[in-house]
């Protein structure tokens, strides 16, 4: 998995401008870049440390560099956002609205649990998938996020909490597999530059044809989470419009191939909607799809939003669905979302400034 080069290495007597902000670049890329500016190679490692571990937001603030060189590269962007809005839920979950260099707003969430700190990152401004139950898709889609804009979300939460981020889930605004190049580059950087283990990184997708198979070719150790949300094609099309062009059987075939190639278990996300997909017969139908390969089901009781009429099932209905899957020997757990008061829970990531 390789990141986009920081700069075209063309000879120049003037400090060269990287084609992308420096955040997201590897130590090798940064070393090549500083050498092109006439600096010794060891400056690349220093620059890497200041960007990823000291939180520098401008090259002019790196005190180990000469004032002359800092002035020469003052306009080279590192690629950090600014916090536009911050809201805190009673459970400690923090939702951030981050303003990017072009003025767009994206959302990220910091989720503290015991000794862990998990960050839920966005991969697009808005989302084109328009899932019927999700708040994010109601605001439309604008563009993909660049690699630095994804990595920045993690550093922002880490700095705000003053605690090392232990886990990152790509479950915020957007469909990651519609932004594969930047997502893969961000995964590389989070692993190798920020220092988060691959198995502590989770990539979520509703399923884009052929993209899961392509992801398998990278032999990553990240966790793949597939948003299934229905046990059959007709119901899935009702909830996820993009499913009309990608049959559930084809999606599951790609998932089986992914497990065979990577040896990694897949997580299936299943939002429980009262009276829609939460009946025992739905659970039984779901179980038949999941036999014969490594997987785990996360049941997610729905978080109601004002724009749609879906409701959260009762506790008894949730337990009944869970019991059927357990009786069918399917690995399953219930995941209750955090941060409800901050509008930060799964499916509620929405840019307030667009309302």
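From the backbone N, Cα and C atoms, a Cβ is placed for every residue, glycine too.
Remember, it's a predicted structure, so these values are computed and weren't measured experimentally.
Under the three-state DSSP scheme, residue 107 (active site, proton acceptor) falls in the strand class. Packing around residue 107 (active site, proton acceptor) is summarised by its Cβ count: 25 other Cβ atoms lie within 10 angstroms of its Cβ, all protein chains included. Under the heading active site, proton acceptor, Swiss-Prot lists 107, citing sequence analysis as support.
Annotation comment: Swiss-Prot describes 113-341 as domain 'Radical SAM core', evidence class sequence analysis. Restricting the average to the domain 'Radical SAM core' (113-341) gives a pLDDT of 95.
Annotation source Swiss-Prot lists disulfide bond at 120-346. For residue 120 (disulfide bond), the number of other Cβ atoms no farther than 10 Å from its own Cβ, over all displayed protein chains, is 28.
DSSP assigns residue 134 ([4Fe-4S] cluster binding site) to coil, not to a helix or a strand. Sequence annotations record features per position, and here Swiss-Prot assigns [4Fe-4S] cluster binding site to 127, 131, 134.
Here Swiss-Prot flags 174, 175, 204, 227, 228, 229, 303 as S-adenosyl-L-methionine binding site. Non-local neighbourhood of residue 175 (S-adenosyl-L-methionine binding site): 123, 124, 127, 128, 129, 205, 206, 208, each in the same chain, at least six residues away, with C-beta under 8 Å from its C-beta.
Look at Swiss-Prot and you will find 346 tagged as active site, S-methylcysteine intermediate, backed by sequence analysis.
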Cα distance (Å, whole number) from residue 303 (S-adenosyl-L-methionine binding site) to residue 131 ([4Fe-4S] cluster binding site):
14
Measuring Cα to Cα, how many Å separate residue 134 ([4Fe-4S] cluster binding site) from residue 229 (S-adenosyl-L-methionine binding site)?
12
Using C-alpha atoms only, work out the spacing between residue 107 (active site, proton acceptor) and residue 204 (S-adenosyl-L-methionine binding site) and round it to an integer in Å.
16
Among 127, 131, 134, 228, which are binding-site residues, the residue with the most C-beta atoms within 10 angstroms of its C-beta:
228
